[in-house]
Each structure stands twice: as structure tokens, then as C-alpha cells.
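Student: Features from Swiss-Prot:
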| type | residues | note |
| --- | --- | --- |
| CARBOHYD | Asn21 | N-linked glycosylation site |
| CARBOHYD | Asn24 | N-linked glycosylation site |
| CARBOHYD | Asn51 | N-linked glycosylation site |
| CARBOHYD | Asn76 | N-linked glycosylation site |
| CARBOHYD | Asn206 | N-linked glycosylation site |
| CARBOHYD | Asn337 | N-linked glycosylation site |
| CARBOHYD | Asn365 | N-linked glycosylation site |
| CARBOHYD | Asn384 | N-linked glycosylation site |
| CARBOHYD | Asn411 | N-linked glycosylation site |
| CARBOHYD | Asn538 | N-linked glycosylation site |
| CARBOHYD | Asn593 | N-linked glycosylation site |
| CARBOHYD | Asn652 | N-linked glycosylation site |
| REGION | 174-234 | region 'Interaction with gL' |
| SIGNAL | 1-16 | signal peptide |
| TOPO_DOM | 17-671 | topological domain 'Virion surface' |
| TRANSMEM | 672-692 | transmembrane segment |
Amino acid sequence: MLLRLWVFVLLTPCYGWRPLNISNSSHCRNGNFENPIVRPGFITFNFYTKNDTRIYQVPKCLLGSDITYHLFDAINTTESLTNYEKRVTRFYEPPMNDILRLSPVPSVKQFNLDRSIQPQVVYSLNMYPSQGIYYVRVVEVRQMQYDNVSCKLPNSLKELIFPVQVRCAKITRYVGEDIYTHFFTPDFMILYIQNPAGDLTMMYGNTTSINFKAPYKKSSFIFKQTLTDDLLLIVEKDVIDVQYRFISDATFVDETLNDVDEVEALLLKFNNLGIQTLLRGDCKKPNYAGIPQMMFLYGIVHFSYSTKNTGPMPVLRVLKTHENLLSIDSFVNRCVNVSEGTLQYPKMKEFLKYEPSDYSYITKNKSISVSTLLTYLATAYESNVTISKYKWTDIANTLQNIYEKHMFFTNLTFSDRETLFMLAEIANIIPTDERMQRHMQLLIGNLCNPVEIVSWARMLTADRAPNLENIYSPCASPVRRDVTNSFLKTVLTYASLDRYRSDMMEMLSVYRPPNMERVAAIQCLSPSEPAASLTLPNVTFVISPSYVIKGVSLTITTTIVATSIIITAIPLNSTCVSTNYKYAGQDLLVLRNISSQTCEFCQSVVMEYDDIDGPLQYIYIKNIDELKTLTDPNNNLLVPNTRTHYLLLAKNGSVFEMSEVGIDIDQVSIILVIIYILIAIIALFGLYRLIRLC
């Protein structure tokens, strides 16, 4: 075994390191290889081969610094020549003719501001007004939060590169047996994939601080280049074609790097990839071959977002772009389990301080729900934020407007779906008072009905949804777990769309929260229970095919044997107790008349069910006008027949059958009734006098 010691010529002068006390010094005057000279101020290296001897002398001052110790600690001075030769040829070297020097061309408008514009400081953010629009400099708000300590890069890189002292943000995910780790630094991004078949490291950015150990050269690992950055690929030859096929087809990588300087184009690219992944049913599959490709694009998106496009941009556009970034974070977290780390942009948190009186800095368009947008941005911080009551009021109004627009079975627009996606995320993540939480879940869940299911299916089949937000459906609400495979089959079969049922179930499995911990009244329910939960202000109704929760229950008896409907009422402050038996019962009441004066049945829900198909839809009634619209025979919204029936689930926990008599609301005021009675009395009195005269 030959002893091989690699000598590194350090070009930095001695005074570049910490001061050293040199006890002696000497000029380097070598003899010949037969008579080497040993000097006190030098370290002498003698290298012997078969027919040659080489002598190197290095001044001790170059080897006395901390960094030198780190460098020598990073190399193996006892490695055999045989192992060394094997190591040299083990790694994949990209073909030189494929290393294109890509020239990214920004595809969107770049904003330039007059340099004389003085900023207005709003909550520590510099705002630049120009022609009625406020701008911020992207570099000031998109700074990623890096750890305070030096980053520990993957152990597999120790063989190839010297230690790098740099701060970074790190996030790790598990997919089956694979582990995906992203490292983000101000200069470069690393995606490290650990796989039983072999690891892969992709490093993109300004890699001038990355120094490879002999015999490796950085140029041997360059896979692609742009004008400013390199993409390094470190993977063994025997692994690349078996495990990481997307690298062999470099089209995806080339297209990604072509857009690397344009964040919005990258976000659009990821949205398209995410939607394709959903529609193929590949999300959450541990053997999905496209996960490495998705993780690479995810890393490029965040790296470019935090380092590119540093100039001015309208505030609203900055916020909408960050909204889209959070939506892909949400999607990836649903598809791939996060085990460690998070990515934060602390300056964006400053926008959460804005109240409705400050919204003119963001937009003057009153139709945009700024409160919803800002509160959605807070989902990245979970419980570490406080949302003001003014924002919650604004959010409640936004949701109420969408509900009133579509409560009577009209198709949701893309804009509505995007807003509902944000509202659902807010309801499922941001802590709020129980009243608000229940109200949001109720309205979002009640927008799921057969019309919405058919509309959603047609939208998915047409592949028209442009991003991962407006592909959302309220049927993914955690309170609508009754939307099961069999329920979708029932609805889609009537519309001849049953062939798309599996796609919709995949979407629901991704977008529906795994539990109901935010709703105290039903948090004990198993996620596998096919139950609908109606969280009214003072009572919660759970509609299920069996007994699942402690409460006052009612069994519907008009259905066929194969269809079972059990309605359980749980008072507001009751403790959630899961059960499989009847705890207490109540009778079904018959509703004969509804007064238009007191609106006893406002804040209640009208439920439609079929004797064969079971529960179909629910409509929350807020006020008397909505009740009149719903029950007006001319609107054909309630059409009872021998199979279809309607129940009114009242705010006090009672359940009423709505007969045809009950559907006709008494809309006559008490004053008119008195007038009619007086007229009738006068008429009768006149008739009496007429008879007497005869």
C-alpha cells in the first residue's frame, strides 16, 4: 500500500489568516532528490514512486491556521491507490456537448421607477408611489430566513468537496424509502435525494465557493449552465438511468432553467406539473417516478423566488405571487410528508400588520378581498400570528357573499374557487373563536352539492384549471366526509361522468384535511366515517349512515333498507364522544306553517334526501328573504316527490319534515290580516241587514 499525501498550494498570503508567531524561517533551497534538504521553517514532503522521487517543501506558516486544519481533516491521507482509481471513475460525467449555456429571457414586464421617488415607510416596509400604484422592492421582502449556524451539507459530499461554511435553510421530506432534502443558501441551492439504489445531488446557483477535492474537478460535474449559474450533477453512473430518468431527458431541465430568472413563469410551470400529478393520481404514491422532477422544480422555484427579480413590483402583485408560492408549498406538503424544517420569509410577515384602513397601499379595487389574502399568507406561520377582529369581519363578509351568490346551485367561477381555497386554508389552520370557525366550515361545506360536483368534474376533464388554488372544490371541506366514492358514483352516473370519479377522489384525498381538530364538536369523529357535519350557531348536526357520535339521534324511516340516514344533534358546548350506539332519541316533527314575521327557522339548514340515494344537499338559511326564495314554488328549488324529501334542521336541535303545506310561507302581515277580518265583518253585517230587509 502506498502512502499518498495530497499537497494543496494555498495562494492566500500568510497574513490573510489569523496572526501566527513563527519561531524560525528559511528560504526554500532544495537539493536533489538523492539528497533532500530539511529546513526548520518548512515542512518537507517526499513522494516516492517506482522510478521517481519528488520533494516538496511548504512554509509552516501556511499550515498553521484553523482553515488548514479543516482542509486536512477533510481529506483521507491513507487511501490506497486501488480505491482511489475506483473512486475516480465511479461518478457520472455529463456529456460536454449537452452543457448548453442557456440564456434566460424574462417573459414578463419589468418595472422601472423614477429614482427621485422617495419611499413612504408603512410598517417598516418602503413603499414607492407611482401613478396611483404603490411598489416595493422585491429584494426587501423576499429574503429567505437562514439558520444562524453554519449549514451541514450532505455527508455524501465530503468525499468530493471541501467543507463549506455557509448559512442555509433546510427542509427534509420522506417518500416511501426515499429522503428528499433541500438546502437553500444566498448563493446556491442543493437537492439531495437519498435512495436505496443510489443517491443524487443537484446543486444550482453561483458555485464559486464550492471547491472540489483532487482528483475531482468542478467542470466534470457541470450538467447545465446559464450566463450566471451552474447546475452540478453528482450521481453514480450505474444509478442515473435506473432511478433518475428525467435527467436523461434533459428537456425538462432545459425548460426549467430557461425560466429560472422569472419566478412567475416557474410558478406556472409548477402548477401545471402539480395538476398533472393530481389528475394522474400520483400524489402520495411512494413509487411515483416523477417525485425527483417535482422536488427539483420546487427547489428552483424557492431559490429563484428568494434571489431573483430584485427590482420594484406593485404591492398587490408581490402578495399574489407569494400567495401562489404558498399554494405550491401546501400542495407539496400534502403529497410528500415533511419531517423537518420549514421555509420562511420573515419580511412578508410585515404585511400582516396592515388593517383595512391601510389597504389603499395594496389596491384600490374594493372587489379584491385583501383581508382574505393577507390572512392566507399567515397560514405559513400557523399559530404565531394574531388576526384582528376587523379582518375576521371582512373575511366573514367575503365568504357570505360567495355563499349567497351560489347557495341556490350555480357554478363556481375560478375566482370563487381561489378565494374558497384560501378561506378553507384559513379555517383549517388559523386559530379563531369557535363561532367564526363553525360558521366558516358550515358555509364552505354547504357549497358542495350535486351541481358543484358535476361542474367540478367537467372543469377537471377539460383541464382548464390554471393553478392549484382554483382547482379546489368545497367538497374537500372536512365537514363533508359524506362525499365518498359511492356518493360521487351516484351523482356522476346521472351526468354520464362516472369515468372521472377516480380523479375526483384523488383530488379530495389531497385537499381534504386529515382530521377535524379545529371543530371541537366533531373532533372525535374518525376521518373514515362518511358523515356530513352541519355546525350551526347553537347546535351541530351529524348526518351519517350509522351511529357515530353521542347526541340526540333520529332515524329516517322512509328510505329503502339499503339506505340508512341517522341525524344526530349535539348541543354547542357538549364534549365530543365517539360511539356506535344510540344515546338519546327524538321524534320527527311535521312543519305546517312558517311565519314571515319572527323567522324562527332562520340560522337553520334545509336538507334534501332521496329514499334510495340518501342525503343529497344542504342549504343554510340565514334570513327570511333566503327562506322565501328557497320555498317559493315559482323558483322550483324544492321539488318534493315520492322519492325526494326535505327536512328542516332547526337551530334548537329539532328536526322537521317540510310537507307541501309547510313550504308555503305565510307572507301576509298582521296588519293586512286585521284589515281582511274587518272587511269580512262589515261584509257579513251588510249581508245580515240585507237578509233582514228581505
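Glycine residues also receive a Cβ, built from the backbone N, Cα and C atoms like all the rest.
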Student: Return the residues near Asn337 (N-linked glycosylation site), defined as same-chain residues 6+ apart in sequence whose C-beta is under 8 angstroms from its C-beta, sorted by sequence, else 'none'.
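Tutor: Result: Arg173, Tyr174, Val175.
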Student: Look up Asn51 (N-linked glycosylation site) in the DSSP assignment and report helix, strand or coil.
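Tutor: The three-state answer is coil.
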Student: Using C-alpha atoms, which one of the glycosylation sites Asn411, Asn538, Asn593, Asn652 comes nearest to Asn365 (N-linked glycosylation site)?
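Tutor: Among Asn411, Asn538, Asn593, Asn652, Asn411.
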Student: According to DSSP, which of helix, strand or coil covers Asn337 (N-linked glycosylation site)?
Tutor: strand
Student: Tell me, roughly as an integer, the mean pLDDT over the topological domain 'Virion surface' (17-671).
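Tutor: Overall, the topological domain 'Virion surface' (17-671) comes to a mean pLDDT of 85.
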Student: If you measure from the CA of Asn538 (N-linked glycosylation site) out to 10 Å, which glycosylation sites from the list Asn51, Asn206, Asn411, Asn593, Asn652 are inside that radius?
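Tutor: Within 10 Å Cα-Cα: Asn652.
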Student: With DSSP assignments reduced to helix, strand and coil, which class does Asn411 (N-linked glycosylation site) get?
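Tutor: Going by the DSSP assignment, Asn411 (N-linked glycosylation site) belongs to neither helix nor strand, so it counts as coil.
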Student: For Asn411 (N-linked glycosylation site) and Asn593 (N-linked glycosylation site), determine the Cα separation and express it in whole Å.
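Tutor: A Cα-Cα distance of 32 Å.
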Student: If we check Cα distances from Asn206 (N-linked glycosylation site), which of the glycosylation sites Asn51, Asn593, Asn652 wins as closest?
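Tutor: Ranked by Cα distance from Asn206 (N-linked glycosylation site), first place goes to Asn51.
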Student: Among the glycosylation sites listed here, Asn206, Asn365, Asn411, Asn652, whose Cβ has the fewest other Cβ atoms inside 10 Å?
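Tutor: The glycosylation sites Asn206, Asn365, Asn411, Asn652 were compared, and Asn365 has the fewest Cβ atoms within 10 Å.
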Student: Could you give the Cα-Cα distance between Asn51 (N-linked glycosylation site) and Asn593 (N-linked glycosylation site), in whole Å?
Tutor: 112
Student: Looking at the glycosylation sites Asn51, Asn538, Asn593, which one has the fewest other Cβ atoms within 10 Å of its own Cβ?
Tutor: Asn51
Student: Rounded to a whole number, how many Å is the Cα of Asn593 (N-linked glycosylation site) away from the Cα of Asn652 (N-linked glycosylation site)?
Tutor: 17
